[in-house]
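Lifted from Swiss-Prot, the feature list:
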type     : residues : note
ACT_SITE : GLU432   : active site, proton donor
CARBOHYD : ASN252   : N-linked glycosylation site
CARBOHYD : ASN717   : N-linked glycosylation site
CARBOHYD : ASN723   : N-linked glycosylation site
Amino acid sequence: MSKLQQFPLSKGWSFRDNEATSEDAWMPVPVVPSVVHQDLQANNKLKDPYIGFNELEARWVNEKSWTYKTVFQKPAAPAGSCIVLAFDGLDTFAKVKLDGNVILENDNMFLARRVDVTKALEAEGDHVLEIDFDCAFLRAKELRKQDPRHNWASFNGDPSRLSVRKAQYHWGWDWGPVLMTAGIWREVRLEVYSARVADLWTEVQLASDHQSAQVTAFVEVESVHSGSHRACFTLSLHGQEITREEIGVTENGTAKATFDVKEPSLWWPHGYGDATLYEVSVSLVKEQEELHRVSKKFGIRTAEVIQRPDKHGKSFFFRVNGVDIFCGGSCWIPADNLLPSITAERYRKWIELMVHGRQVMIRVWGGGIYEDNSFYDACDELGVLVWQDFMFGCGNYPTWPNLLESIRKESVYNVRRLRHHPSIVIWVGNNEDYQVQEQAGLTYNYEDKDPENWLKTDFPARYIYEKLLPEVVQEYSPGTFYHPGSPWGDGKTTSDPTVGDMHQWNVWHGTQEKYQIFDTLGGRFNSEFGMEAFPHMSTIDYFVENEADKYPQSHVLDFHNKADGHERRIATYLVENLRTATDLETHIYLTQVVQAETMMFGYRGWRRQWGDERHCGGALLWQLNDCWPTISWAIVDYFLRPKPAFYAVARVLNPIAVGVRREHHDWSVTHAQPPKTSKFELWVASSRQQEIQGTVELRFLSVNTGLEVRERIVHENVSIVPNGTTNLIVDGLIDHTVHSEPHVLAARIWVDGQLVARDVDWPQPFKYLDLSDRGLEVKKISESEDEQTLLISTKKPVKCLVFEEREGVRISDSAMDIVPGDDQRVTIKGLKPGDAPLKYKFLGQ
């Protein structure tokens, strides 16, 4: 017998171009995991592809094949043990050779592989491990040619990508470069053991009154020789053991233990309670010797997607532990094109930003990867719900038998790997593949329920989403909701606003509607929508090397914006709404104002609709993050620098949020004639679970003078509906013949004497307003070793006061509207005494 030992093979690797045959062509690999672009950069063979036009200079890498090699010594293997070579991820077409003999051929980036090499390592001493990585870019083209009858309809990247189980964004997307990576992208190691815990998972039954729960822990054991193994299970909370049970392992290598938990501490998304994690451990024992020990954290909670007929159609919202959750959040793309460079610390910083921004759900998009364990660990610990796509995006995927088998293995592996995470509340079959079906006119008869028929149509991928994947989820994670696609709703058109989820791109893409009416364009769950904005100047400085290129329409800036037609779209929304500028810093700021306003109008209205029989169940903006320094829809850039939209969304998602808006007057289709009257509305949105009392004030303040133009409205002792919307004014009226000067509607709400939320509605568009000479004052009123408090006041209304984003500095709020008589405080952490104060900018400055 031997206790399981692991020997990471992270050092001592070298690599070379497959076409190079000389011994001096080998170059050292600093560390594995890595991909070839990282290793080429480390050897000064490649410039940073994220800077300038260097992506073009890296394109040669896309069409190359590579070999990685290392020499290792056979580990000591006691009698009765085996030696396994374990690969957690190979990218992608990999032929693995041990001492010249092929032991594995891989064609799926998303699949871990294990090879028993006990016999291959019988000889003592050194052994040579080589991995040939064939060019995925060229292999994909070959595979496409082999099936000319298949309709290769797709958006983004070369259509041949559909034939390869590799991160689809590597072929380029409308926010990312074409960087075809290859390499050992996740850990590789040797394992020596006589028996091991191959899998450990739990199934949880929570009583309806939440006073008790039943936790069943399951284990699968692999052993070299049969024998009387025993599994010692322990259940712990906060490091303290609650109970334990020892069970004999069956002949087929399984064991389970059931624990009754009284008064369990539940796992909640942040803002609703503690994200409590229990820990289940199993120790595999034989003859009193521990052979292997595995622990996993899990949560006790229920999670449902509620779909029921109502006056709006059919609902689509999430319920956790019996509580309806409005899921305000973001879509997530891979945080880097060079995936091994993302550390656990960087993942955690991203999720911490989500919490800081009051976002409760993150959608792992289907054109990237099944994320690293540390990503989901952070979501578990910080209470962020995960919408998890399977890795299919924007295409009509072929269904060759060998590809279907690979997809099944991939989905089984990843569902099993991730099923213990309480943060994952939904698995979704694909991203926008049903939209491709619609736009390409592919056959989709929802009433035909025979999967074999689907394979015979020109949309065979339906078989993956409506048979293969739901069967895997049902078998391996039966408590998790499965949804065939995003967007999708009961087989209806993907733009149907009455059912399922929808991607609303008629702001920016499509009909390019005014962002001021975004809330009228939504559906039951808005899982994509967005607006582009430039990142901050510090990020531009990173990838634009030449000062002469720092103007809004420079070639290098256009190169770093991969969205088709971005010039026209950005120009349209700027010219419609703002006084434009030609200097880069102001242009950056103006695009950020547009993005922040767009997100605010969408989120604010959709959250209000939550209170109307769950008309809108959630909103996930496109997108939270970037995979390289770029100009995109991200609200936080590659370097984790929030754009103003991040703060605008956070305010709308406040647990108690006040909202005010006047009806939209479309100036661009009325010859810019001003309206004679305007209706306005005032409401409160609350995610609190109990009714609370509050006081709401609405003031009407002149943009030009800062004075009140009419008597303020005050609602005292308002009963605020729990987890819903309280409408205070639905038929307010502004008579512009009486109140002709432009004015803002400034709303505030107090609860228990504390001012908890604000909202300011402005006359639209901003370009018609004179926003000069505001009388703004930003004053430091306290300072400690690493924290400052600023007091902000103004004589006239100020729009979108944005503070500089600086490395290591966190701001409590930004992108703020400031009005007279309502001083606001901002806390800055990480700014040391003596550091230069943060710069700031506001509209009209």
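The backbone N, Cα and C atoms fix where each Cβ goes, glycine too.
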ASN717 (N-linked glycosylation site) to ASN723 (N-linked glycosylation site) - Cα separation in whole Å: 18
ASN717, ASN723 as glycosylation sites, winner by CB count within 10 A: ASN723
Neighbour-count leader, CB within 10 A, recorded positions: ASN252, GLU432: GLU432
Inter-residue Cα distance where the pair is ASN252 (N-linked glycosylation site) and ASN723 (N-linked glycosylation site), in Å: 49
Alpha-carbon spacing, GLU432 (active site, proton donor) to ASN252 (N-linked glycosylation site), which is rounded to whole Å: 41
